[in-house]
Ligand code: C5P
């Protein structure tokens, strides 16, 4: 099995309060996206394609010398769609990873690859939900508790049989906007397997996440 990695790095740094794209924000002096590309490679992915904000291409070229870049889109779904088109010829499996998960341990990548090698068509790393979890109405009032033992937090990289992911994106309406790729294949009835995720693969969203990541690197 030959796996190509897709890194979604075309988001803004808005929630991080950054004046540059989130993927270029430094962690211990290196852009988040460089860490994320390295995480995929360390876990066994050979080729990587990165979706970047079109207006920032030069900065990404400088941050990722020799890495294949494509212009991303207005949504994560559009960005992955563009990278997938560019990665068509590169492998029989695809791992889609968020640039915003820089410290993903190689073992998580390896678990996803192993599940694909065992025949899964779609696989996601997950973590348990430890807090009581509730649904809330538009008025901010709790409408009910959700059974947390059935719930999982979903991380990346998410792995797919390439043909399965390509077909799902082909069938997906052009303006569809989903928060991950497992949701794309699940829409078309494909079973999504799970493997153990890792707290260290947490997504950098707000400043506090970056502070924790800096501590993790220093440890
Ligand atoms: O916004 P959020 O943190 O959920 O984004 C997850 C990942 O998707 C990030 O790594 C971000 O760079 C990427 N993204 C993208 N294209 C967009 C929006 C987000 O590649 N238009």
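The count begins at 1 with the first shown residue.
Placement of Cβ uses the backbone N, Cα and C atoms for every residue, glycine included.
Heads up, TrEMBL stuff is auto-annotated, nobody curated it.
Counting only same-chain residues at least 6 apart in sequence, those with a Cβ under 8 Å from the Cβ of residue 15 (site 'Transition state stabilizer') are 205, 206. Positions annotated as site 'Transition state stabilizer' by TrEMBL: 15 (among others).
Taken from TrEMBL, the feature site 'Transition state stabilizer' covers 22 (among others). Counting Cβ atoms from all protein chains shown, residue 22 (site 'Transition state stabilizer') has 25 others lying within 10 Å of its own Cβ.
Under the heading site 'Positions MEP for the nucleophilic attack', TrEMBL lists 148 (among others). The Cβ of residue 148 (site 'Positions MEP for the nucleophilic attack') has 14 neighbouring Cβ atoms from other residues within 10 Å, across all protein chains displayed.
Less than 8 angstroms from the CB of residue 203 (site 'Positions MEP for the nucleophilic attack') sit 98, 100, 101, 155, 209, each of them six or more residues away in the same chain. Secondary structure from DSSP puts residue 203 (site 'Positions MEP for the nucleophilic attack') in coil. The site 'Positions MEP for the nucleophilic attack' annotation in TrEMBL covers 203 (among others).
Cα to Cα, residue 148 (site 'Positions MEP for the nucleophilic attack') and residue 22 (site 'Transition state stabilizer') are separated by 31 Å.
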